[in-house]
Amino acid sequence: MDWGNIFGNAIGEIISPTTAAYALAAIGLGVHFGYTGLLNFGQAAFLLIGAYAFAIPTLAGAPIIVAVLSAIICSVIFAFILGIPTLRLRADYLAIVTIASAEVVRYVVTTTGLTDFTGAANGLSGFKGTFAAINPIPEGRYGFGPFMYNEYDWWVRIVGWTLVVLASVLVFLLMRSPWGRVVKGIREDEDAVRSLGKNVYSYKMQSLVIGGVMGSVAGIIFILPRAVQPANYTTGLTFFIWTIMLLGGAATIFGPIVGAMIFWVVLSLTQGILYGAIESGALGFMTTTQAGQVRFILVGVALMLLVIFRPQGIFGNKKELSFSV
Amino acid sequence: MSNLDKNPVQSPAAAVTHPLVKGTVEPGCAKVDPIVIADHVTRQFGGLKAVDVDHLEIPRGQITALIGPNGAGKTTMFNLLTGFDKPNTGTWEFDGKSLAGVPAFKVARSGMVRTFQLTKSLGRLSVLQNMLLGATGQRGEGLFSSLVKPLWRRQEEENTVRADELLARFKLDAKREDYAASLSGGQRKLLEMARALMSKPELIMLDEPMAGVNPALTQSLLGHIKNLKADGTSVLFVEHDMHMVMHISDWVIVMAEGRVVAEGPPETVMKDPAVIDAYLGAHHDTDLGDLMDDGPNPVEVALEAERKAHDAHSEEK
Amino acid sequence: MIAGIRIGPGVRFITMALLALALCLGVVLGSGALSASASAPAPTPTPTSDFTNTLTIGGVLRDDDNVVEGAEVTVEGAGGFSEVATSDDTGRWSVVVPEKGEYTVTIDPETLPDGVELRDPDRVSATVAANEWQTNSITRSFPLGVDDRQTTGFFEQFLQRLAAGLNFGLLIALAAIGITLIFGTTGLNNFAHGEMVTFGAIIAWIVAVLLGVNIFVAMLVALVLGGAFGYVQDWLLWKPLRKKGVKLVQAMIVSIGLAIALRYLYLFFIDGSTKTMNVGLSEAIVIGPVRITTGSVVSMVISVVALVAVGLFLTRTRVGKATRAVSDNPSLAAASGIDVDRIIRTVWVLAGALAALAGVMLGLYRQVSWDMGFQVLLLMFAAVTLGGLGSAYGALVGSIVVGLFVELSTLIIPADLKYAAALVVLILVLLVRPQGILGRKERIG
Ligand SMILES: Nc1ncnc2c1ncn2[C@@H]1O[C@H](COP(=O)(O)OP(=O)(O)O)[C@@H](O)[C@H]1O
Ligand SMILES: [Mg+2]
C-alpha cells in the first residue's frame, strides 16, 4: 500500500475547493438550523441554484459579476418561494417540505424539456473561462508536498476559502448582536419570541435567505473545479452537509469548517486504505466499487453515532446541545 | 346556559353598583375606563365551544383576576386576545384600537404582553439574554445595523441596566449568566414575567404566574404585581390560588365552559352562586348561608383541589 | 411527547444494534449477492461517482418506465479511439475510455426496438468536453419517446392513468400507514421507512427470482421478515433511544443516518442495477379501454385487503384501540394502564410488515433497485403530510391523492416531472391547510 500517496491525498482534502464548498454550505445550514432552529433539509437546492444560476448566464456570455449576482438573486428568490409557505409550519413539516422542494428543483433541471438551458441529465460544462480570466496568479505549478497545484487550482482554493472566512465573520458578527439573540430565541421557542413583539416570520425569512445565499455561493465554488451534474444534488448532498454541520457543532463558528475538513479527510483516507487493501488482495471479497459504498455506510453509521452520543458536535458546548426538540 | 339564566333572578347582588363599573355589576358589564373591550368572541374546537364571550371589558389601571375551573377557556381567551389563535367570530379592541386579526407580535408591540401557562423560557439563552430579548425598539435587531456594534452598544447597555434591576427585583440576579434551562420551574415563571416587563407594557397578561412558584416567593411576587399597578400598568392574570386572588385583585372575572358567568369585586364574587355552580357543578346543595360561616369557603376548597390536580398534571409534562 | 425524557441503560445496545443489523442483512442478502453480481456487471450509480478508478462514459436508455435493450452507442475520441456499447437488459450502456479527453457519443437509431424513437430525432450525438472530467464517470442520455401518444384518445389515456394512479396510491398508502402510526405513537419522522420498503422488495426478489419460489410465498416471507425487521429496529435502536430521552429532531436525524447506512448496504450487496421481478404476472388484462397487468390487479387486491385488515385492527381489536389511545395522548394512555412500549413495538412490527409488502408490490409494479424505497419516501411523506401527520385515514386519503396525481399529471406535463408535480401539490396544500387534510391544530400556551 502506498501510504505516502494515501495520506497525501487525504491531507490535500483539507484545503480542497470541495471541502471549502461543503464548509460554506454547512455554515449556511448552521445559520438555519444551529442558530434559528429551521429544519432545512433542502440545502442541496441552494447549491444547485447557485451552480445553475452561475453557469447558465456564463455560458450565455455574461461577465462573471453578473453570473455571481444571478446566483445570489436566484437563491434569494428561491428562499422566498420556499419560506413563504413553509416558515409558518411546524418544524417537522418544514423538514418534509424543504426536502420535497429540493427534489422538485432537481427534477426540473433534469427534465429533458429544458435540455437547451440545463443540459438535462448531462448537466453543463465549459463555464470556467470567466473565472479563470480574472486569475491574477501567473501560469505554473506552485506549492509543496501534497499541496502542488496549478494556477487555476490555487485560484479556486484561495477564492473558496476567502469566502468561507468572510461567511464565518459575518455569522460571528450577526450572532453576537441582538439580531442573533432574536433568532436564537426563535430556535428555543418561537411563540415566546412572538409574545415579546418580534416579527418571527420575518426573522426566519432573513435567516433562510442568509443561509441560502451561503449555500448558493458554495454551489459556485463546488462547480468551479468540475462540471454541473444534476445527479450531484440529491438529498444525499443535503445529508452530507448535515453530517458536517453536526460533526463540528451546529451553533459554532468554526464547527462547520473543521467538520468539513474532517469529513473529507476521513472519506479520502478510508477510500485510500480500502482501495489499497483491495489491490494488495487483503479484501478479496470486495470490489473497488463496493469499497466506495462502504464509505457511505460508514457515513450513515457515523451520523447516527454522532447524533446519539455527541449531539453538540466537536466544538459545541455540552450545555448548549444542538437539539431543543 | 342555566347558570346565566337563573343568576339575575336568584342573586340579590344583581342591582349592585361599583365605582369601576358603568351601570350595574353583572357578567359582561361595561367599565368606566376599559382598556380591553371584546365582543362576540367565540372559538370552537370541533364540537366544543372553548370560548363564547358575548361582551367583556377589562378595567384600566387595575389588577383583574380571571378565574374559572380547568377547561373554562381562560388560556384560549388569552390566546385569542393576544393574536396567538384565531377566533371563529368576534372583535376586540385594546386601548381603543381594534386588534382583531392583528398578528401576535404586533399585539405585543402595541403594549399588550402576555406570559404562558406552560413556561416558555428560552433554555439555551442565558437568563440575561432572555431578559434583553424582552426589550423593544432595539436597533441591533435590524439585520444590517446588527453588524455595526457602535450603532447598538449604548442601547444594549441601557437595556442591560434595566434587565439587572428587574432580575434583582425578581431575585434572579445570582442566575444572570446561567442558561435559562438550568432554572427551576418556579424561577422560569419569574423569568418569564420579568422578561415581559422589559417591554414596559400597558397591559400585562399573566397565565397562572404562581403555579409552581416557591411559596416563600409568592409574597414578594404579589408585591411586584401591586407595584406594577402603582406604576400605572394594568394587569390581567389567571390564577387558581384564591388567597392571591382575594389579596391583590381589584376585580374578578369568572369563566366557566367558555362563558363569563360572573364578575365583580373579589369579596362579593366569591359568594356568587354562579361561581359556586361553576366550580362545584350546577346541582350541589350548598346554600348561601354556608358561605357566610367561618368554615372553609367551598369555592376555595374546590379551587385548591383543582390546583393540586393541575400541578400534578403539569409536572408530568 | 413519548420519545421521552428519562435516562436509562441500553444505550450500549445501539452499537450492537448496528452491527447486528448489518450482520442480519448480510446473511439475508449474502446469498443473493453472488448471483446478482454475476448477472449484472453494470457501472454503479453512486450519487457522487467521483471515487471510481476507471474512466467511463455511460448512460441508461429508458423509454418512460421501460428499459431499452440492445441499442448501440458509439463513443469516439482522440487518436482514433472508437468503441461500441450495447445497452443491456437494464438499459445500461457504458464504455471505458483511456483518458480524460474529448469524446463524441453517438446513438444508432436503427438499433432501437420497434416503437421506440429518439424524442428529438436530430439529437443522435452528444459530446463530452475535456474539462468535464472532474469525476471519473460521465453520463450521457438520449431521451426516448414512443409515438403512441396521439393514437389513443384522451379519455382512454385518462382511464389508463386513473387505474395506474389508484394502484400506485394504494401501494403508497400501504407503506405510509406505517410512517403515520410511528409518528402518531412516538413523534418520530422515520426517514428510514423507504429502506423498509426496499427491504421487502429485495427479500421477495431473492426468494422469488433467485430461489425461484412462488411469488405469493415470497410475499409472505417478505411480510414476515419485514415485520421482524421492524421488531429488531425498535428493540435495538429506537427503544433504547426513547429510554435515553433522545429528542425528536435528534431521532429524526438518527433515522436519516440509518437510511444512508442501510441504502448503501443494499447497494453493496445487490449492486446498482435494476432487477426485474419476472414472475409471470405481466400478461395484460383488458377491461374496456383500460389495459392493466395481472400484477397490478393482484397488487390492488392485496393492498385493499391489507388496508381493510389494518383498519379493522385499529378499530376493532384491543391492541388497535390501545394504539389509537397512545397516538392521542401517550401519558394518559400510560396512566390508564396501557403498556406504551409494547404498543410501539407492535406498531413497528406492523409498519415493517406493511412496508415490506408494499415493497414487494412496488417491485412488481416497477422494478427492484437499491434505492427504490428512497425514491418513494418523499411521496409517502407527501401523502401523510397531506393527510395530516399521525392520522391513519389521512394517510390513506393523502396516498390516493398523491398516487392519482403522479399518474394523471403525465397527461399534461412531461413524465419526468411527475414526482415533482406531486411534491408541488404537497407544498400548495400546506399553504392552504398547514395541518394537512385531516390533521389537527396544535394547542398553544
Ligand atoms: N388546540 C386545541 N385543540 C382542541 N381543544 C382545545 C385546544 N385548546 C384548548 N382546547 C380545549 O378548550 C377548552 C378550554 O381550554 P383552556 O382555554 O386551556 O382552559 P383553561 O385555561 O381555562 O384551563 C378545554 O376543553 C381544552 O381541552
Ligand atoms: Mg389555562
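Glycine is treated like the rest: Cβ placed from N, Cα and C.
Just so you know, TrEMBL annotations are computer predictions that nobody has curated.
Straight from TrEMBL, the features:
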TRANSMEM  A:6-31  transmembrane segment
TRANSMEM  A:38-56  transmembrane segment
TRANSMEM  A:62-84  transmembrane segment
TRANSMEM  A:91-109  transmembrane segment
TRANSMEM  A:154-175  transmembrane segment
TRANSMEM  A:208-227  transmembrane segment
TRANSMEM  A:290-309  transmembrane segment
Interface-richest range of A:62-84, A:91-109, A:154-175, A:208-227, A:290-309 toward the transmembrane segment (A:38-56), CB pairs under 8 Å: A:208-227
Tertiary contacts of the transmembrane segment (A:62-84), as residues 6+ beyond its ends and Cβ separation under 8 Å: 42, 45-46, 49-51, 53-56, 97-98, 101, 105, 127, 130-131, 133-134, 204-205, 208-209, 212-213, 215-217, 219-220
Sequence-remote partners of the transmembrane segment (A:6-31) [C-beta within less than 8 Å, at least six residues beyond its ends]: 40, 43, 46-47, 145-147, 153, 156-157, 160-161, 163-164, 167-168, 171, 174, 207, 210-215, 217-219, 221-222, 224-225, 240-242, 244-245, 248, 250-252, 255-257, 259-261, 263-265, 267-269, 272-273, 276
Residues of the parent chain within Cβ reach of the transmembrane segment (A:208-227), under 8 Å, 6 or more residues beyond its termini: 17-18, 20-25, 27-32, 36, 38, 40, 43, 46-51, 53-55, 68, 71-72, 74-76, 78-80, 82-83, 87, 123-125, 127-128, 131, 153, 156, 159-160, 163, 167, 170, 174
